[in-house]
């Protein structure tokens, strides 16, 4: 009866409470559990840049020559000066249907296919809905290609830090020698214009779709910090895969690195030449999008 507690109830309630706490911990950490969808993938076939086609090699040569401090300052000023479009997330995805990433040696499918493949891999592994949405939108910054970019070199490809020495852990590091900053007496030093352990929020990661989308969504969505890190740093391979630029990290960046590494398998190993059925998947993902975004946002 209500109000009557047996001598056993206290221990039982403690046990139940502990079990609930355990479940909540598991639910909170499920996003960073080991990926399972890729367990049978031959991962040695991905990111094979030494045997990549000329399209990929030429792209990186141009990118490494043109991503300078001067360009990055101007790109950020341009971003803050105007709104390029106003539209919903799915409409933005459809805009990418004509884009093939020149920097990617692993797929020739359009970007909407890559977005759906990434999100579906995250979904299959039972990751939370915010991470599924992150997978769905993570490359939407490539809309820059349609918004007045100078080519693909300022939109796609691996990212790196400008304003300090270019790491030899970047792809094709020898191609940076034609970048004016490579010979600058300040920009060519280990820390360059930055202070040790200043934090990645205080450096310029080369401008492209990661930085652009991060700045677009951080104030127009309810995505958690982990999702924002996944968006901002998923192409920052010299950092999250090769361990470069750690001398500029602070404590906050350690959590961002954990999130980015948890996301990376879904971005990289979900690439497949078998397309997804976009129209069949659309209702499911539009419901998820509505949890984190208004119907339209500024781009």
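Including glycine, each Cβ sits where the backbone N, Cα and C put it.
TrEMBL annotations:
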BINDING   47, 101, 102, 103, 142, 157, 158, 234, 235  substrate binding site
BINDING   114, 138, 139, 209, 234, 267  Fe cation binding site
Protein Cβ atoms within 10 Å of residue 139 (Fe cation binding site), excluding its own: 25
Nearest of the binding-site residues (114, 209, 234, 267) to residue 142 (substrate binding site) - Cα to Cα: 209
Binding-site residues compared (47, 114, 234, 267) - the one with the fewest other Cβ atoms within 10 Å: 47
Beyond the site residues 114, 138, 139, 209, 234, 267: chain residues whose C-beta lies within 8 Å of the centroid, for Fe cation: 115, 118, 141, 142, 210, 231, 235
Of the binding-site residues listed as 114, 138, 234, 267, the one whose CA lies nearest the CA of residue 47 (substrate binding site): 267
Intrachain C-beta neighbours of residue 209 (Fe cation binding site), sequence separation six or more, cut-off 8 angstroms: 139, 140, 141, 142, 143, 144, 155, 156, 235
Alpha-carbon distance [residue 158 (substrate binding site); residue 114 (Fe cation binding site)] in Å: 16
Neighbour tally for residue 158 (substrate binding site), based on other Cβ positions within 10 Å of its Cβ: 23
